[in-house]
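To keep things clear, I will list the structure first and then write my remarks on it.
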């Protein structure tokens with residue numbers, strides 16, 4: 001058959017090859033196959049956010065003003081979550097809630113699901129972009145692996161947490177002050193700061209900041225004095241092949257300071273990768289736990305003793321009371337759909353009240 005029909009040859013003008021050639025061409029801004037996901041999703045997510053913060057009110061979902069048009073500023077404007085009555089609806093523009101009416105869709109909070117879902121896929125597209133470029137230039141994929149950590153945090157906080165609760169309503173709205181409100185909510189209703197996964201996240205982020213500061217200062221401190229420029233930026237050519245700092249000197253310095261030091265650059269830089277990425281992954285796992293209403297550390301024996309003995313108090317029992325105050329103050333305003341009414345005598349009083 002092969003002799004009769006001839007050898008099969010692939011059409012060189014195959015549509016896939018043409019597309020592949022155009023997408024992966026060397027240009028100022030690389031597109032790639034990942035760009036087919038990244039660029040449209042990022043465009044729609046950012047566009048939805050700018051549209052919402054500029055024009056769209058949160059009156060119908062939260063009883064709040066949330067746009068520049070209503071007098072908010074950059075810190076107080078937000079794209080707010082849908083009302084709790086809409087549960088986990090995707091709130092599609094053409095769905096049964098909005099029925100193709102754009103104004104109604106915005107009033108119902110449709111922009112939040114639009115921004116959240118397109119934002120999640122944009123972040124995934126950016127990670128795939130790093131994979132694709134690394135493969136093209138024959139690098140290992142650690143950049144993409146590292147970027148999976150902020151993606152995990154975004155997905156756990158904005159998508160998985162509200163999926164575990166009664167609706168998108170309990171996710172953070174997209175705004176600065178809105179995120180602060182969400183943090184207070186997390187503390188008051190979940191005691192988040194006493195959650196071991198939050199502790200690991202804080203250790204990872206602050207530890208990474210410390211490592212970056214130490215690493216940058218050490219490299220600057222151990223630069224070879226063989227440049228004739230006035231400062232670091234003038235002394236060396238940015239394209240030179242040879243190193244401009246001494247690892248041996250750095251190792252000796254920190255060995256004297258701490259008694260231990262990194263012996264090679266691979267281990268040093270892997271550690272700088274490992275600390276923040278692991279911290280963010282752990283905090284994302286913790287938020288998944290909160291979605292299921294898992295509790296933080298509970299020191300019940302201290303609570304019982306504090307209830308029995310008015311003179312006994314610890315920072316833990318103090319924080320428990322503060323959390324109760326947050327819940328009492330926030331619940332009525334933050335969950336208007338519940339019609340919660342707290343009598344004046346049960347609300348906590350601060351010195352200013």
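Every residue gets a Cβ built from N, Cα and C, even glycine.
The phosphothreonine annotation in Swiss-Prot covers 2. Residues or ranges marked as N-acetylthreonine in Swiss-Prot (evidence: similarity to another entry): 2. Under the heading transmembrane segment, Swiss-Prot lists 41-61, 125-141, 153-166, 208-228, 279-295, citing sequence analysis as support. Residues or ranges marked as chlorophyll a ChlzD2 binding site by Swiss-Prot on the basis of sequence analysis: 118. Sequence annotations record features per position, and here Swiss-Prot assigns pheophytin a binding site to 130, 143 based on sequence analysis. Look at Swiss-Prot and you will find 198 tagged as chlorophyll a PD2 binding site, backed by sequence analysis. Summarising the annotation, Swiss-Prot assigns plastoquinone binding site to 215, 262 and lists sequence analysis as the type of evidence. Residues annotated as Fe cation binding site in Swiss-Prot, with sequence analysis given as evidence: 215, 269.
Put simply, of 125-141, 153-166, 208-228, 279-295, the stretch with the most CB pairs closer than 8 A to the transmembrane segment (41-61) is 125-141. A distance of 9 Å separates the Cα atom of residue 215 (plastoquinone binding site) from that of residue 269 (Fe cation binding site). For the binding-site residues listed here (130, 143), the lowest count of other CB atoms within 10 A around the CB belongs to 143.
Per Cα geometry, 143 is the residue among the binding-site residues 118, 130, 143, 262 nearest to residue 198 (chlorophyll a PD2 binding site). Counting in whole angstrom, residue 269 (Fe cation binding site) lies 33 from residue 118 (chlorophyll a ChlzD2 binding site) by their C-alpha atoms. Here the candidates are the binding-site residues 118, 130, 143. The one whose C-alpha lies nearest to that of residue 262 (plastoquinone binding site) is 143. Long-range Cβ neighbours of residue 118 (chlorophyll a ChlzD2 binding site) (same chain, at least 6 residues apart, Cβ-Cβ under 8 Å): 41, 42, 44, 45, 48.
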